[in-house]
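Heads up: the structure comes next, in structure tokens.
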Amino acid sequence: MPRAQLTVLEKLDKAKTQGYHFLAIVIAGMGFFTDAYDLFSISLVSKLLGRLYYTDLTYKNPGTLPPNVSAAVTGVALCGTLAGQLFFGWLGDRLGRKSVYGFTLILMVICSLASGLSFGHQPKGVIATLCFFRFWLGFGVGGDYPLSATIMSEYANKKTRGSFIAAVFAMQGFGILFAALVSLVVSAAFKARYKAPSYKVDRAGSTVPEADYVWRIILMFGSIPAALTYYWRMRMPETARYTALIARNTKQAASDMSKVLQEEIVEDLDKAETDVVGADQWGLFSPQFAKRHGLHLLATTTTWFFLDIAFYSQNLFQKDIFTKVGWIPPAATMNAIEEVFRISRAQTYIALCGTVPGYWFTVAFIDIIGRFWIQLMGFFFMTVFMLGLAVPYHHWTLPHNHTGFVVMYGLTFFFANFGPNSTTFIVPAEVFPARLRSTCHGISAACGKAGAIVGAFGFLYAAQGSPPDRGYKKGIGLRNSLFVLAVSNFLGMFMTLFVPEAKGKSLEEVAKENLEDGEEDTRV
């Protein structure tokens, strides 16, 4: 016989959409807004860092970050994010979701500000300081993934839970757009105030000293939205599912949710101690977990891994891709600040036309179409459009075809976000039992960041053509790299076949917490 559902959890599952749902979306979503800003803003300023600290005036082209430095600057925050996802995911199941939620935000604010500071003006000091603080910034960002997803899933009703979690994650799109807009405004202001010739005309004069402030302002600006939401995070009550099912304090859970739902919830405390959901105590490495959720964990980890190889490669190195196909002029024809401006403008277009709309299509349709079909469709079209870029690659490099390339490239972002980039975040927050939900989401997200690290480090070297950029060895070239990303998307599509559908079900039902040990769900 299925176990009985607690009254407080049943009330949450059946609650109408109310103000507290939207407040929770904003509180959790602003964390993701900041996460995206912090992780992706580095791609807007890395070219400027190369000009400022690694320019050789005897060379015909402006300075670029050496391969090892570029890999470190781009990838160190991802390494910190991976560690943070594992650590805070585990901690969220041990101490509570709310207990560690504020700490991740404080860490992001402090390290975001510190990223714009540096010890001295020598390249080694500046880059070492930047990498140190961006690692710990990533560590805080990593904690936001499992905690925000788990909190939103446990607050939401079962009818619109997918849309609410997707809305939290959709703030990532606004964070990416905001980073591009801030960079655009800052670089435009400095460009207007400090006139400079192109590098080809005056190598030394093309980088004005004031350009050193540009990258610092852009990186430090990410601390503002995070700081604004700290107070509201601290006022959120612990989720009812943690309090009732893990802390085993059903009375407190009913009291907290009575205030949130603004109605009195009366729980049968005697019954709550015995025959209710969440009574199992087996852990992550138990045979019971392997039997019920082993395949689910394999599916959520591998799909996120394959997605992020492509997604982060595209995001972090789109400036290089745009340069290679001619959408951004050669670096020598611009001054340092103008290059930042043009990169920011290009990324703003992509964010507006492809990135942001994709997230909100997911919000609109996920509780209609379902997680499984959106993820499968997204991977399929990402594969198709990546092949559409790779197969006729020479065609896209011709000057009159640049717009077509950008449109195709934007469509891969659209179907990433109206697809697996959203659903890989949502599904792990739904399919695992409450006492392991944050941990398993952290593991899934960490595997995603492992894919991002592969994409960030691997694409940097693999995309080098003939002749390679200064300091690099010849790689397989951009065209072949696009084929590799297409294969990664196809593998993600295959592993999606093992992802369970959670649409319209309570968390306890989809995680099988309503079943006795040894009992199987026989429903189709």
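Backbone N, Cα and C define each Cβ position, glycine as well.
Copied over from TrEMBL:
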type: TRANSMEM; residues: 20-49; note: transmembrane segment
type: DOMAIN; residues: 24-504; note: domain 'Major facilitator superfamily (MFS) profile'
type: TRANSMEM; residues: 69-88; note: transmembrane segment
type: TRANSMEM; residues: 100-119; note: transmembrane segment
type: TRANSMEM; residues: 125-143; note: transmembrane segment
type: TRANSMEM; residues: 164-190; note: transmembrane segment
type: TRANSMEM; residues: 213-232; note: transmembrane segment
type: TRANSMEM; residues: 349-366; note: transmembrane segment
type: TRANSMEM; residues: 372-393; note: transmembrane segment
type: TRANSMEM; residues: 405-429; note: transmembrane segment
type: TRANSMEM; residues: 441-462; note: transmembrane segment
type: TRANSMEM; residues: 482-499; note: transmembrane segment
Completion exercise
Of the listed stretches 100-119, 405-429, 441-462, the one with the highest count of C-beta pairs below 8 angstroms to the transmembrane segment (213-232) is 100-119
Practice task
Six or more residues out from either end of the transmembrane segment (372-393), which same-chain residues have a Cβ under 8 Å from its Cβ atoms?
Solution key: 303, 307, 310, 362, 365-366, 405, 408-409, 411-412, 415-416, 418-424, 427, 478-480, 482-483, 485-486, 489-490, 492-493, 496-497, 499-501
Practice task
Would you mind listing the long-range same-chain contacts of the transmembrane segment (441-462), meaning Cβ under 8 Å and 6+ residues beyond its ends?
Solution key: 67, 70-71, 74-75, 78-79, 81-83, 85-90, 92, 142, 145-146, 149-150, 297, 300-302, 304-313, 316-317, 424-425, 428-429, 432, 472-473, 475-476, 480-481, 484, 488
Exercise for the section: Across the whole of the domain 'Major facilitator superfamily (MFS) profile' (24-504), what does the mean pLDDT come to? Round it, please. Expected result: 88
